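The structure's right below; bear with me while I get my questions together.
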Amino acid sequence: MSDAPIGIFDSGVGGLTVARAVLDQLPHESVLYVGDTARTPYGPRPIAQVREYSLEILDSLVASGVKALVIACNSASAAMLADARERYEGDGVPVVEVIRPAVRRAAAATRNGRIGVIGTRATISSRAYEDAFAAAPQLQLHTRACPDFVELVEDGETSGPAVLASAHAYLDPLRDAGVDTLVLGCTHYPLLAGAISYVMGEGVTLVSSAEETALDVYRTLVAHDLLRSADGARGDDGARSAPRHRFLATGDPAAFTRLARRFLGPEVDDVHDAVEVTGEIPRITAPLRGTR
């Protein structure tokens with residue numbers, strides 16, 4: 001089981017920031033990534049629908065034989081983390097999410113105790129970050145939904161006048177509130193870090209959950225004795241196998257590949273079309289087990 005891939009799921013391309021951190025910190029592990037690009041963004045959708053879509057993808061990943069799940073989507077984590085853990089961990093598949101790792105880093109980074117959190121409407125309305133920060137009541141939390149950010153990233157627009165205008169509209173109130181640490185509460189948002197940092201100013205620390213989440217993945221694999229050995233498994237011919245990565249999109253694979261190559265590099269040689277889209281509900285048609 002330790003040679004099985006780590007399953008990583010996001011509503012689109014944003015979770016690739018987490019996948020990149022996992023590849024960097026766990027270079028001997030295999031990754032199987034699914035981006036639900038056919039139904040992105042999740043943020044404006046009802047929580048029940050986000051839960052339904054998320055569990056559908058996670059069920060497919062578990063059926064494909066992944067050894068652990070990473071919910072690399074704040075909206076999904078906020079909507080169904082407890083459901084996912086109840087559904088899969090009893091069968092030996094641990095679940096890692098992205099909210100508490102970001103909270104941990106932000107609490108350590110702040111100097112004045114004023115922390116901003118930006119995310120999708122679904123994430124912000126869920127109050128998941130308020131709940132996660134409840135253990136540190138001395139911190140002052142300022143949250144703000146930034147619904148246009150995900151669509152900008154999914155459209156490949158990560159700089160330029162439209163991005164800067166949206167950043168000012170969403171972030172000026174947080175800057176004026178004096179936050180010194182800003183949690184990027186959506187895994188798409190690091191792709192807009194240039195504009196976000198420009199608007200917030202040099203004195204504000206931007207916190208992405210990617211690196212902390214990758215550390216949690218490592219800790220989880222160690223705790224469950226699932227860490228892949230550095231020299232890999234032996235095949236029938238006695239040779240050691242290298243890690244194998246596969247990235248799937250439920251929408252247009254070509255568009256996904258273009259965006260993915262911007263920050264994953266050579267790991268994305270191909271993106272397979274994971275599903276046949278029929279209206280709003282895709283049906284998995286390609287086996288998720290495989291190589292890149």
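Cβ coordinates are placed from backbone N, Cα and C, and glycine is handled just like the others.
Per Swiss-Prot, the features are:
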- D10, S11, Y42, G43, N74, S75, T187, H188: substrate binding site (BINDING)
- C73: active site, proton donor/acceptor (ACT_SITE)
- C186: active site, proton donor/acceptor (ACT_SITE)
Pop the Cα-Cα gap between C73 (active site, proton donor/acceptor) and G43 (substrate binding site) into the table, whole Å please.
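Given the Cα positions, G43 (substrate binding site) is 10 Å from C73 (active site, proton donor/acceptor).
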Under DSSP, is S75 (substrate binding site) helix, strand or coil?
helix
Counting only residues 6+ away in sequence within the same chain, which have a CB under 8 Å from the CB of H188 (substrate binding site)?
G12, V13, G14, F149, V150, V153, E154
Between the Cα atoms of S11 (substrate binding site) and C73 (active site, proton donor/acceptor), what distance do you get, rounded to the nearest Å?
7
Need one number for the substrate-binding residues D10, S11, Y42, G43, N74, S75, T187, H188: the maximum pairwise CA distance in Å, whole number please.
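The span, Cα to Cα at its widest, is 12 Å.
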Including all protein chains shown, what's the count of other C-beta atoms within 10 A of the C-beta of N74 (substrate binding site)?
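So the Cβ neighbour count for N74 (substrate binding site) comes to 35.
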Given the recorded substrate site (D10, S11, Y42, G43, N74, S75, T187, H188), which additional residues of the same chain have their Cβ within 8 Å of the Cβ centre, ordered by sequence?
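Neighbours found: G12, G14, G15, T40, P41, C73, A76, T120, T123, V150, C186.
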Listing them in sequence order, which of the recorded positions Y42, C73, N74, S75 have their Cα within 10 Å of that of C186 (active site, proton donor/acceptor)?
C73, N74, S75
Under a three-state reading of DSSP, tell me whether D10 (substrate binding site) is helix, strand or coil.
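Where D10 (substrate binding site) sits, the three-state DSSP reduction gives strand.
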Taking the Cβ of S75 (substrate binding site) as the reference point, list residues of the same chain whose Cβ is under 8 angstroms away and which are at least six residues distant in sequence.
S11, P41, Y42, G43, R45, V50, G119, T120, A122, T123, C186
Please list, in sequence order, the residues in the chain of T187 (substrate binding site) that are at least six apart in sequence and whose C-beta is under 8 Å away from its C-beta.
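Counting only residues 6 or more apart in sequence, the Cβ neighbours of T187 (substrate binding site) under 8 Å are D10, G14, G15, L16, T17, V18, A72, C73, N74, V98, S208, S209, A210.
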For D10 (substrate binding site), list the number of other Cβ atoms lying within 10 Å of its Cβ atom.
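A count of 31.
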Ten-angstrom check, please: count other Cβ atoms within 10 Å of the Cβ of S11 (substrate binding site), all chains counted.
33
